[in-house]
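Visitor: One structure, as C-alpha cells, below. Some questions next.
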Amino acid sequence: MLANIACAGTLTLLLWQVQPAVLIPWCALIVGLSTARLVMALRTNAQQPRAYASPRFDQKRVRQAAIMAALFVGVPAWLLTQVTGAQVSCVICFLTGMLWAGGLILAPVLSAAVTYVGLVSALTIAGLLASGCNAYTLFVAFLFVAGGATVLRTAKRQSELFTASQRQQVELEEQGATIGLLLKDYEDQTSDWLWETDADLRYQNPSARFAQALGRPADGIQDVILGQLLIDEAVSGNVEARRTLRDSAAAREAFRDIVVPFSIGGAQRWWALSGRPLHDGQGSFLGYRGVCADITPAKQAEARIAYLAHHDALTELPNRTLFCEGLDQALRRGTARVAVLSLDLDGFKGVNDRYGHPAGDALLVAVAQRLRAVVEGGDQVARFGGDEFVILDATYTDQAGVEALAQHIIRALSAPFLIAGDDVAVGVSIGIAFAPTDGETASALIKNADAALYRAKGDGRGTFRFFAPEMDRRLQERQRLVQDLRSALAREELVLHYQPYVSARSGEVSGCEALLRWQHPESGMIAPAEFIPVAEQSGLIVPIGAWILEEACRAAVRWPAEQRVSVNISPVQFRNRELPHTILTALTRAGLSPSRLEIEVTETVLIDDVEVALDTLRQIRALGVRVALDDFGTGYSSLSYLRSFPFDKVKIDRSFVQELTTRRDNQVIVQAIRDMALGLGMSVTAEGVETCEQAERLRQSGCEELQGYLYSRPKPAGDLRFGSSLAPEQTGRPPRAVAQA
Ligand code: C2E
Ligand code: MG
Ligand code: MG
C-alpha cells in the first residue's frame, strides 16, 4: 500500500500538468484508499491468522481485485493516450510494476489474481492501442500479453505453494493437537510421566504428574539439573544410578530404564528414567526428552518374592532353603558343634479340622511366636511347612543343654493356645540330631533329626528322642515302603480278599467285606495295618482306593444278586471331594447296582470336619449306596455320631466282641448300642466273632449280622462259596494271623 501511494504520488508529480483535473483526484483517491487498506491490514494482522477461507471470502477478494485494477490502472492506461516520449515509458513502467506487484500479491487467491492481471493487461493494451496502432505500441501490447501470462503462471505456482504450505501447517497443528492429547492421555492412564530438559540439562515445563510424584511444586523442579532432583546418598545404589544418568547425558546418548532408588518422606521409591537427546535441523543439541516411571510397586513385589523365597509367608520364619544355607555355612566353618531339633505338633490336624484352616494358621503363628521366645543367641527357628518346625541350636555345648532346651520347648508349647475363643491344647514331639556325629551336611542332619522325631511320635507324643543309627534304618525302610507302594498298583501286587458276613439267625451269607492285601515280591504278604497308614500319609490311598472300589464292584457283579460287597474307605479318601464321583464311576464301569455296594467309614471321618463329611455321606447315600459305621466302640465312640447321620449299619468293633464273654459291662454296652441302633433304624453287625459262645451272646443281644474267623477268614475272590449257610469253621480260638491267602 505504501508503494502504491509512493508510485501514484510520483506519477502524479511527474505528469500532473498533463491532466491535472484527472490526476490530482485520482492520486487523492489512491492515497485515501491505500491508507484505508493499510489501516485495515494492520488491524487484521494483529489478529490470529485465519486458517480457512470461505467461497464468499474468495468472491469478495475477486471483486476487490477488479475494483483495485480498475481504479489503479484505469487512469494510467488512459494517460497513455495523453502522454508522449519519456512520459510514455514512465507510465508503461508504472503499469508493468502494477501488473507484477498486484498479480503476485493476490496470488494466494488465484481467481482474484487472474481477474486483476486480466483487467490490468486489458486496460493497458486498450490504452496502448488507443494511443495509436503502430509497431511500437503493438510490440508493447504483445509484451503485456506475454507478461500477463507469465505473471499468471507465477501466481498459479505461488498459489499452489501457498495452499500446500497452509495445508501442511494445518495438518501439523492437528497432529500436534493429537500428540498432545495422546501424551496427556498417556500421563493420565499410566503412572508414568514425561519430562524434558533444555540444552543445559535443566528440567523444563515439568508436568503436574511429575510434580505430584515428587511431592514438590512444579516451580521446585523447573530449571533443576537432570540427576540433581533425586539425590539421596543414604539409599544404596542412588549415587551409582545418578552417575550412570549423568554420564549418559554428558555423552548425549539415549538411555533406557536407569533405575534410581531414593526416598520421599522416609519411604523408599524407585524411578526408572528413559530419555532421548533432541537435536535441531543443524544437529545442535536441544536437550533431552523422556519418560519416567515410578516402579516402586514392582520393586517391592520383587523384594517380597525374594523374601518369600527364603521365608515362610505365614509365620515369617526362615524356610527350609534359608535354614539349610545357614546350617551348611555353620557346618563348613566347622568350629561350632550344632544340634538340629526337628519339631512336629501333636494334634495339629485335629485343630485344623475342627476349627478350620484360618484357626490352624493362627495356631501356627502363635507357635512360631513361642518358639522365637524360647531360642536365644545364635539359635534359629524355621518352619518347613505344615506343622513342622526346625530349630538350630548353635550354642550347644553338651547333650544336657540340648535336653534342657527340648524340655523347655515342650513346656512352652504345652500351655493352651487361645484359638477361636477356645483354649486349645497341642503338644510337640521333638527329634534331635548332633553335628558332626549324626551328619556332616544340613540334609543329613535334618533327615536324622526327622528319624528321631518319627521315633518320638511313635513312643507317645510330647517327648523328644535323640537320633540313633537304627532309627535311620527304620526310616529308610519306611521310605522304601512308600516307593514300593507307589509301583504296587501298576505291578498288580495289590489284591482284594473277601470276608463274608452272615445272618445271625440263618447263618446265610449276606455279603462280603473287601480287605486289601499286598503281595510284596520280597517281603511277602503285608497286612493293611502296616501299609495303609503309609498309603494315607503319602496320599497314595486315593488312587489305590479308587482301584479297590472298582475291583470290589467287578467281583460283586459275579456274585448272586442278593449279595452285597462292603468296601472300607479311609478318612483321607473321604477328604477328597471327588469320592462320590469315584464311587459312581466304579459302579458304572462294573455295572453293579448301587444298592449292592456298602461303604464302611470310621468315626474319624466325622471328627475331621463334620459338615463336609456329612455332605459327602449324603451324596454317597443319594447314589443309592449303603453306608456303614465301622469299628464302633473304639476311638471316640460317641453315640452322638449315630444321631448325626442315618447309617444303614453299625459294626461293633472286635475288641468288644472278644471280651464279651469275660467282661459283663461289654455285654451291656453291646446291648445298648444294639437298642439305640434299632431305635434309629440301623442294623448291627458284630465283627471279629471267633467263638460260638461269642456268636450266641451276640445273637441274644439282637445283632443281625456276624462276621469273623468263626465263619470265614478273608479269602481270595475265587475261593468264595455262596448259597449254603456257613457253618462255623472252628469253635476254638484261631491263631491271630491277619490273613491266609
Ligand atoms: P476292618 O475294616 O475293621 O477290617 C476287619 C479286620 O479284622 C480285618 O483285618 C480282618 O481280617 C480282621 N478280622 C476279621 N475277623 C476277625 C476275627 O475273627 N479275629 C481277628 N482277630 N481279626 C478278624 P485286616 O484285613 O488286616 O484289615 C485291618 C484294617 O485295615 C481294616 O479294619 C481296615 O480298617 C483296614 N483295611 C483293610 N482293607 C482296607 C481297604 O481296602 N481300604 C481301606 N481304606 N482300609 C482297609
Ligand atoms: Mg471294615
Ligand atoms: Mg472293623
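The backbone N, Cα and C atoms fix where each Cβ goes, and this holds for glycine too.
Not measured: the values here are computed from a predicted model.
The annotation transmembrane segment is assigned in TrEMBL to 23-42, 62-80, 136-155. The domain 'PAC' annotation in TrEMBL covers 253-307. The domain 'GGDEF' annotation in TrEMBL covers 336-469. Per TrEMBL, the feature domain 'EAL' maps to 478-728. According to TrEMBL, the feature region 'Disordered' maps to 714-741.
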Visitor: Below 8 angstroms Cβ to Cβ, which residues of this chain, lying six or more residues outside the transmembrane segment (23-42), approach it?
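Guide: Contacts with the transmembrane segment (23-42): 1-2, 4-5, 8-9, 11-12, 15-16, 71-72, 75, 79.
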Visitor: Cβ under 8 Å to the transmembrane segment (62-80), counting only same-chain residues 6 or more beyond its ends: which ones?
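Guide: Same-chain residues near the transmembrane segment (62-80) but 6 or more away: 4, 8, 11, 15, 18-19, 22-23, 26, 29-30, 33, 88, 91-92, 94-95, 98, 102, 106, 109, 111-113, 115-116, 119-120, 123-124, 126-128, 130-131.
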Visitor: With DSSP, how much of the domain 'GGDEF' (336-469) is helix, how much strand and how much coil, in residues?
Guide: 60 helix, 37 strand, 37 coil
Visitor: Could you give me the DSSP helix, strand and coil counts for the domain 'PAC' (253-307)?
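Guide: Helix, strand and coil residues of the domain 'PAC' (253-307) number 12 helix, 33 strand, 10 coil.
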